[in-house]
Amino acid sequence: MNEKQRKEGQQIRQVDSTDIKSDSNHNLSRIKDMSSDDLISKYFQSTYEPPNMKKAKKRRREDIQIHYDFDIPEEMRGIGKGKKFMIRTYGCQMNEHDTEVMAGILTQMGYISTEDTSDADIILLNTCAIRENAENKVFGEIGHLKPLKLENPDVIVGICGCMSQEESVVNRILKKHPFIDLIFGTHNIHRLPQLIKEAMFGKEMVVEVWSKEGDIIENLPKVRKGKIKAWVNIMYGCDKFCTYCIVPYTRGKERSRMPEDIIQEVRHLAAQGYKEVTLLGQNVNAYGKDLEFEYGLGELMDEMRKIDIPRVRFTTSHPRDFDDHLIEVIAKGGNLLDHIHLPVQSGSSDILRVMARRYTREDYLKLVKKIKDAMPNVTLTTDIIVGFPNETDEQFEETMTLMEEVGFESAYTFIYSPREGTPSARWEDNIPMEVKKERLQRLNKLVNDQSAEAMKKYQDQVVKVLVEGESKKDPDVLSGYTDKNKLVNFRAPKDLIGQIVEVKVVNTKTWTLDGELVEAAVEVK
Ligand code: SAH
Ligand code: SF4
Ligand code: F3S
């Protein structure tokens, strides 16, 4: 398929959907009439296909289709008039951004947003499957919503996001939480209007989860969370299949948006006055690999430099695909910030091999050296998993030494959590949980120390802060982030919110800086 054909796109594929019954009294009793086993077997016999992780892995590049024809059917536009929606978001930036898209679709359907569950006509939980505790939180929330649903059977409760892509989760909801009205997957977001209509008027729980999907839907409406910083997807999915990770199954294959679509979106954000964009993808360094022409993240970032927006970030990077051209482009500076989040996961080459990360400790250090040579002031942060199956004390020590050797200024640290369907979940593990917890504690102490140390460098320095709003703790204090992503609190007039201002650091803490406004009158670029 050539670029033009891709760009022209095709009709959005429709899945079979059960007839929409003209019965608005959809309520709990309908579901309760059926036993949960009946429900499950009904779904498995019908057109509904459960999420299938094996199928999710069988993917081919040529399947990618781009659709530019998203539209909300006329009859569904007013369906939400006088009604409210609430979306609770779990997980990563990708989910945050998907929530903005769902909010956009619901707004176009006439709904308005609310923060209050008891006030909402539609409640959606946009879920995360990355670790077991993320899933437990969602199941806890589902439990909390049951009394609300019993009290008000007309409220529509839906589960979406990464957990919906897991077969076991869908089965558990069918079996244990039949009061849920709607389950839809990460590839089905654009179908929200149709799905809501089905949930409203149909008799059964609506389940629509596509397992193997390679489509990109452009022109989706968005209601962004703020007017200062914005997320912009540059690609979807992940093909890396790290042995512990569920994302390649929940988000589908790697597929890049066309450069011109991204550039246009960022230009539009700049024109609207946004001050910062973060380009999003699970592995942004793979950007462009699936395009029919030679184009990568380096080329895209070079285009970003030409756009009149003060700050451009990107996340998340995979060390394996971080090429020299990208380093060269970021090193040019301008609006490209030299803070790079570069997840390493482990400092041991043996553990990295069984994680299928496809680089060694030495490769990673070489890459860090290249980046530092090109950008001497770069700030590096990372993600680390401790207690991977059979990780020895020595292997863990290698993570500790790598943390120091690179000089990470902060890190997200996690205890390994087996995810059903991933290769490592089947492996025996001889490391007791107590030991894993001790390792996490030791690592976190080191992370805190390194962060505090990095913060000290800013004492008495003047930093540029993008002012985001009042601080969470004190409404008289404003807060915002430096170009290195350090949170700064300082007293200043509220009309500076949304501007980039100079602040002198007067005190440093482990995770934040306290400052004093230097120049209120002039906004700095
Ligand atoms: N795409 C990004 C990370 C996405 S998930 C990357 O490859 O770097 C965010 C982080 O969650 C990962 O970096 C990893 O540290 C952690 N993570 C993923 N799966 C996990 C699991 N099964 N148990 C514990 N942590 C996990
Ligand atoms: Fe998961 Fe690895 Fe993909 Fe990151 S690169 S999302 S850790 S499979
Ligand atoms: Fe979670 Fe899905 Fe993001 S599993 S981390 S919400 S891609």
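Backbone N, Cα and C define each Cβ position, glycine as well.
Given the structure is predicted, the values throughout are model-derived calculations rather than measurements.
Noted in TrEMBL for the protein shown:
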REGION    1-33  region 'Disordered'
DOMAIN    83-201  domain 'MTTase N-terminal'
BINDING   Cys92, Cys128, Cys162  [4Fe-4S] cluster 1 binding site
DOMAIN    224-453  domain 'Radical SAM core'
BINDING   Cys238, Cys242, Cys245  [4Fe-4S] cluster 2 binding site
DOMAIN    456-519  domain 'TRAM'
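Locations of recorded TrEMBL features on the structure.
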residue : record                          : Cβ neighbours (10 Å)
Cys92   : [4Fe-4S] cluster 1 binding site : 18
Cys128  : [4Fe-4S] cluster 1 binding site : 23
Cys162  : [4Fe-4S] cluster 1 binding site : 28
Cys238  : [4Fe-4S] cluster 2 binding site : 22
Cys242  : [4Fe-4S] cluster 2 binding site : 22
Cys245  : [4Fe-4S] cluster 2 binding site : 22
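When the Cα atoms are compared, Cys162 ([4Fe-4S] cluster 1 binding site) and Cys238 ([4Fe-4S] cluster 2 binding site) turn out to be 13 Å apart. Residue counts for the domain 'MTTase N-terminal' (83-201) under DSSP (helix as H, G, I; strand as E, B; rest coil) come to 66 helix, 23 strand, 30 coil. Annotated pair Cys238 ([4Fe-4S] cluster 2 binding site) and Cys92 ([4Fe-4S] cluster 1 binding site), C-alpha to C-alpha distance, rounded: 14 Å. Classification of Cys242 ([4Fe-4S] cluster 2 binding site) by DSSP places it in coil, neither helical nor stranded. What surrounds the [4Fe-4S] cluster 2 site, by Cβ distance within 8 Å of the Cβ centroid and not counting Cys238, Cys242, Cys245, is the set Lys240, Phe241, Tyr244, Ile246, Val247, Pro248, Gln282, Asn283 from the same chain. Helix, strand and coil counts from DSSP across the domain 'TRAM' (456-519) read 4 helix, 36 strand, 24 coil. Among the binding-site residues Cys92, Cys128, Cys162, Cys238, Cys242, Cys245, residues whose Cβ is positioned under 6 Å from ligand 2 are identified as Cys238, Cys242, Cys245. Listed binding-site residues: Cys128, Cys162, Cys245. Those with a CB atom under 6 Å from ligand 1: Cys245. For the pair Cys245 ([4Fe-4S] cluster 2 binding site) and Cys92 ([4Fe-4S] cluster 1 binding site), the C-alpha distance works out to 14 angstrom.
Taking the Cα atom of each, Cys128 ([4Fe-4S] cluster 1 binding site) and Cys242 ([4Fe-4S] cluster 2 binding site) are about 17 angstrom apart.
Confidence annotation: the domain 'Radical SAM core' (224-453) carries a mean pLDDT of 97 in the model. Calculated from their C-alpha atoms, the gap between Cys92 ([4Fe-4S] cluster 1 binding site) and Cys242 ([4Fe-4S] cluster 2 binding site) amounts to 17 Å. Proximity to ligand 3 at the level of Cβ atoms, with a cut-off under 6 angstroms, picks out Cys128, Cys162 from the binding-site residues Cys128, Cys162, Cys238, Cys242, Cys245.
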